[in-house]
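Here is what Swiss-Prot says about this protein:
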ACT_SITE  Asp73  active site, proton acceptor
BINDING   Asp73, Gly74, Asn147, Glu148, His158, Arg175, Asp177, Thr188, Gly189, Tyr190, Ser191, Leu192, Ser193, Gln247  NAD(+) binding site
Amino acid sequence: MKQYFNCIGIVGRPRHSTALITHEILYKWLIKKGYQVFIEYNISKKLNLKNPKTATLIEIGRLCDLAIVIGGDGNLLFTARILSYFNIKIIGINCGNLGFLTDLNPDNKFKKLSEVLSGKYFVENRFLLDVMIYKKEQVSKSSIAINEVVLHPKNVAHMIEFEVYINDNFAFSQRSDGLIISTPTGSTGYSLSAGGPIIETSLESILLVPMFPHTLSARPLLIRSDSVIRLRFSDIETDLKISCDSQIVLPVKKKEYVFIRRSNYYLNLIHPKSYNYFETLTSKLNWSKKFF
């Protein structure tokens, strides 16, 4: 039988014994099927396996053509920010809460994985966001995000002032608790909680969602994904932060400004052929069922 994947990496950040057991069972299942399998080095030390092949995340990105992430969406976000720099496909087994990205149910994971490994899958290329903090025309800090980039104050419930430029054109100024700049992937995350719309993941767009703005006229704004966003701040602003996927935090100092744009890198997320995005929304968000 043709092998669509030759080398597979198993990654995750397990916090519960059930997730650790899933790592062990999956490793043995893949080895039995004849695949070359690497387990992320930090996880392997916690598993009861005899001489498994181990690798760092970067090594998995270089060596493997498929990474299986075991955990919740947070695990996949952490992993994908590194693996997106490599030509590797990613699929997730949900051991967390919602599981918008890790869409394989642990109860039927082997059935769905068998479909994928036999070539019955499709690829979604989810774009990322680059964020760069500039000081005197030089990049002082940078990162990437899959879900969203969030501007917020260091202190909770502290209003800030900023201006937003899109493609070097002034768009709006705002007094608010911050601003969420989201990808379509992130539209079911933080921005949804802030009143933003859900964006179908194949749409090439970026979403700007105000956080508790001090005006009723402030509304979410959807722009083209090839737009370049620049954030400027008044000289009195101090202790501002930029958060990427709620996992990486970059401080913004006085006289610094922020650029956000679509990255050249993608998350190569794969799904079984039977995957249905709207079915996922219905089940995860408890939407109404069909009438007929």
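Including glycine, each Cβ sits where the backbone N, Cα and C put it.
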Legend entry - Whole-number Å value for how far His158 (NAD(+) binding site) lies from the residue listed as 'active site, proton acceptor' (Cα to Cα): 29
Inset, instruction - Could you tell me which of these binding-site residues, Asn147, Ser191, has the fewest other Cβ atoms within 10 Å of its Cβ? - result: Ser191
Legend entry - Sequence-distant neighbours of Asp177 (NAD(+) binding site) in its chain (C-beta under 8 A, six or more apart): His152, Pro153, Ala157, His158, Met159, Ile160, Met211, Phe212
Legend entry - Max CA-CA distance, Å, over listed NAD(+)-binding residues Asp73, Gly74, Asn147, Glu148, His158, Arg175, Asp177, Thr188, Gly189, Tyr190, Ser191, Leu192, Ser193, Gln247: 31
Legend entry - CB contacts for His158 (NAD(+) binding site) [other CB atoms within 10 A, all chains]: 12
Inset, instruction - Might you list, by sequence position, any residue in that chain lying six or more from Ser193 (NAD(+) binding site) with a Cβ less than 8 Å away from its Cβ? - result: none
